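Peer 1: The feature active site, proton acceptor is assigned by TrEMBL to GLU115. For CYS382, the entry in TrEMBL reads active site, S-methylcysteine intermediate. Sequence annotations record features per position, and here TrEMBL assigns S-adenosyl-L-methionine binding site to GLY206, GLU207, SER238, SER260, LEU261, HIS262, ASN339. Annotation comment: TrEMBL describes 121-377 as domain 'Radical SAM core'.
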Amino acid sequence: MQIPGHIDPVTTGTVPLRGGNRVDLVGLTREGVRAALEEAGLDAKAAKLRAKQIWHWIYHRGVTDFDAMTDIAKAMRPWLTERFIVGRPTVREAQLSNDGTRKWLLAAADGQEYEMVFIPDADRGTLCVSSQVGCTLNCRFCHTGTMRLVRNLTAGEIVGQVLLARDALGEWPKGNMAGGDQDDDEAGHYTADGRMLTNIVMMGMGEPLYNFDEVKGALKIVMDGDGLALSKRRITLSTSGVVPMMARAGEEIGVNLAVSLHAVSKEIRDEIVPLNRKYGIEELLEACAAYPGANNARRITFEYVMLKDKNDSDADARELVRLIKQYRLPAKVNLIPFNPWPGAPYECSSPERVRAFSNLIFEAGISAPVRTPRGRDIMAACGQLKSAATRPSRAELDRIAAEKQAALG
Ligand code: SAH
Ligand code: SF4
């Protein structure tokens, strides 16, 4: 069935190489790095050894320059530099919110733009990662869904966001990178201090389950014990409800699942999350009940955006509780105050309404915290991401701020 406004994302094969004819090693599997080295002329044994070393430098030390890979023979480093690069997305713009949230507008090698957001908290630092440029699913409350240009990001572009964030936060293990010739034993030379980036959420631009292979490849690299080594328990993938891919996500990636439910009736969910016309609420909740790895210790998060007079009544809250119980879901609910953007057709529910809604769910024994909006002043909050060409001007941002002020006063 055709979903209104739905278009297929362009496949990833068309992205030009950033380093000219050189191969970008970021985003390749370990095996892929080994194969690339072998193809370039190393024998099998050398390729295996060098791949292991390079992997460690790229993902554990954050090194982008082969000359700094001090345990690789000096003579070999220019040979690598001629043939390979360790790429990063280009930073077009970096913004800092008055609440500490940071947003980066990034550009891929082909000029396509996407955003990533870092949200610092007292006990954690969360990186919100994009999976596509734009999104093909036009959820009516989401700014990203209004973008027309869409392509899938490659695994390299997805994992590149994490690498870039660690660059920007200055939290690669520090140490004696310059000194030494070969065999620079890292032990004792650096410490893995200052963990700012502790969690990853696939909640930036795009629908991750419509770009399954690249997202899976990227997250496998992020979880690899010899590199970034982030635990699957610290990674959450959010889907608007691509039912046929949910079981595979659980089995093959194994990260925490968040589901953008947002409504409890067919009528309203069809309107605000058009994908519901293809995969309805019952089907979605059955897939949640079957999600591999979900249990009381690892609950599924249901995201629920609070839209004034649309999905925020007491009856809606009660129905939400009923559904969670009917399907026996190990669930928590995350209530997201609607984040406005220019031209959005909805308003956010009042704080009192949000509180009453949350209380009704809590009283039924289900956790239902309200997500504090972060980075609204730089359009970094949930659903506000959109690439530069159509970003709001400073004047528009001021108008939004003024409206917010008026609503409060
Ligand atoms: N495409 C995926 C993940 C990205 S969106 C998904 O839809 O789940 C991350 C979360 O922000 C989703 O729950 C999404 O529904 C929500 N969101 C989108 N626009 C929003 C807005 N304007 N205000 C608040 N939340 C929004
Ligand atoms: Fe796409 Fe998610 Fe936005 Fe819907 S909410 S348009 S699925 S990014």
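Backbone N, Cα and C define each Cβ position, glycine as well.
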Peer 1: Check SER260 (S-adenosyl-L-methionine binding site) against DSSP and tell me helix, strand or coil, would you?
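Peer 2: DSSP call for SER260 (S-adenosyl-L-methionine binding site): strand.
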Peer 1: Using DSSP and three states only, what is GLU207 (S-adenosyl-L-methionine binding site)?
Peer 2: coil
Peer 1: Of the recorded positions listed here (HIS262, ASN339, CYS382), which is spatially closest to the residue listed as 'active site, proton acceptor' when Cα positions are compared?
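Peer 2: Closest by Cα distance to the residue listed as 'active site, proton acceptor' among the recorded positions HIS262, ASN339, CYS382: CYS382.
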Peer 1: Hey, what's the Cβ neighbour count for GLU207 (S-adenosyl-L-methionine binding site) at 10 Å?
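Peer 2: Counting Cβ neighbours of GLU207 (S-adenosyl-L-methionine binding site) within 10 Å gives 28.
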Peer 1: If I take the alpha carbons of ASN339 (S-adenosyl-L-methionine binding site) and CYS382 (active site, S-methylcysteine intermediate), what is the distance between them in whole Å?
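Peer 2: If we compare the Cα positions of ASN339 (S-adenosyl-L-methionine binding site) and CYS382 (active site, S-methylcysteine intermediate), the gap is 7 Å.
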Peer 1: Would you kindly give the Cα-Cα distance separating CYS382 (active site, S-methylcysteine intermediate) and SER260 (S-adenosyl-L-methionine binding site), rounded to the nearest Å?
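Peer 2: Cα of SER260 (S-adenosyl-L-methionine binding site) to Cα of CYS382 (active site, S-methylcysteine intermediate) measures 12 Å after rounding.
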Peer 1: Among GLY206, GLU207, SER238, SER260, LEU261, HIS262, ASN339, which the record lists as binding S-adenosyl-L-methionine, how far apart in Å are the two most distant Cα atoms?
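Peer 2: With GLY206, GLU207, SER238, SER260, LEU261, HIS262, ASN339 as the binding residues for S-adenosyl-L-methionine, the largest Cα distance is 18 Å.
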Peer 1: Please check the recorded positions GLU115, SER238, CYS382 against ligand 1 and give me the ones with CB under 6 A, sequence order.
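Peer 2: Near ligand 1, sequence order: SER238, CYS382.
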Peer 1: Report, in whole Å, the straight Cα-to-Cα distance of SER238 (S-adenosyl-L-methionine binding site) from CYS382 (active site, S-methylcysteine intermediate).
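Peer 2: About 12 Å separate the Cα atoms of these two residues.
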